[in-house]
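**Q** Quick one: the structure is below, questions incoming.
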Ligand code: GLN
């Protein structure tokens, strides 16, 4: 028998889902369809599903079985304790990127007014989180994808964050303005990397993931262009791949940055590198 016969109750729906996808994901998808807390799934296993809910849940389980990321199926992902909307136009926020938030907070003087720029904001997680965590920050976020900017703007509105969004290919459409802190989680995967053919990455925008033969093309342009956009004493922090820290520190050195360092993510991998701009010479 392929499907249990309706009426299907919560317990049967979960049991069916568990045969196809990870049990936690089955619960998440059912909660999404029923728009209910986990406690209801646990407390009311005998509750029957309406025909529409059962059909919607089945469709989601089948899409998940075919590989679609859970975040796209439910349209959201948590980042730094807040729920962000995501669509297939943006990269799915990763916990590793929370390291960038921590670093910026640690490098911001208490109560100081800082001008902050997030390059390639995607769903807006970095810009919005920083705007909400740092009362005094004045945050600008750019993306060259208009679809991504729509998602980011919707997230900012929903979470009550004040961020200026600009459609721009990195720095291209920004004026002469300089910033105290620039952050970026750019594409950094090598274009031939087999991981692009696996898991969630297959469904994410390629333009948010891949960056030339070594994955360093965008990191190189950002690092090279950043000095002209930083206030003296300002910081640049960029996320990068697990094996790129040395190369990125090299880029920062070549561009004339001081105080160059790399920081480890929760898995103990050097995931973010940065430096301070103290001027030329
Ligand atoms: N961290 C992501 C991954 O490896 C890639 C994100 C990115 O390219 N910025 O799955």
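The backbone N, Cα and C atoms fix where each Cβ goes, and this holds for glycine too.
Keep in mind that TrEMBL annotations are predicted by a computer and have not been checked by a curator.
From TrEMBL, here are the annotated features:
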- 24-75: domain 'Release factor glutamine methyltransferase N-terminal' (DOMAIN)
- 97-191: domain 'Methyltransferase small' (DOMAIN)
- 120, 121, 122, 123, 124, 143, 170, 185: S-adenosyl-L-methionine binding site (BINDING)
- 185, 186, 187, 188: substrate binding site (BINDING)
**Q** Quick check for the class: what is the C-alpha distance, in angstrom and rounded, between residue 188 (substrate binding site) and residue 120 (S-adenosyl-L-methionine binding site)?
**A** 12
**Q** Quick one: of the binding-site residues 120, 185, 188, flag those whose CB is under 6 Å from ligand 1, and say none if nothing qualifies.
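**A** Passing the 6 Å Cβ check against ligand 1: 185, 188.
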**Q** Beyond the listed site residues 185, 186, 187, 188, identify every same-chain residue whose Cβ lies within 8 Å of the center of their Cβ atoms for the substrate site.
**A** 120, 184, 189, 208, 209, 211, 218, 219, 238, 239, 240
**Q** Work out, from DSSP, the number of helix, strand and coil residues along the domain 'Release factor glutamine methyltransferase N-terminal' (24-75).
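**A** Going by DSSP assignments, the domain 'Release factor glutamine methyltransferase N-terminal' (24-75) contains 37 helix, 1 strand, 14 coil.
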**Q** Using all protein chains shown, find which of the binding-site residues 121, 123, 185 scores highest when you count other CB atoms within 10 A of its CB.
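**A** The residue with the densest Cβ neighbourhood is 121.
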**Q** Could you pull the average pLDDT for the domain 'Release factor glutamine methyltransferase N-terminal' (24-75)?
**A** 95
**Q** Could you tally the C-beta atoms, other than its own, that fall within 10 angstroms of the C-beta of residue 186 (substrate binding site)?
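**A** Result for residue 186 (substrate binding site): 21 neighbouring Cβ atoms inside 10 Å.
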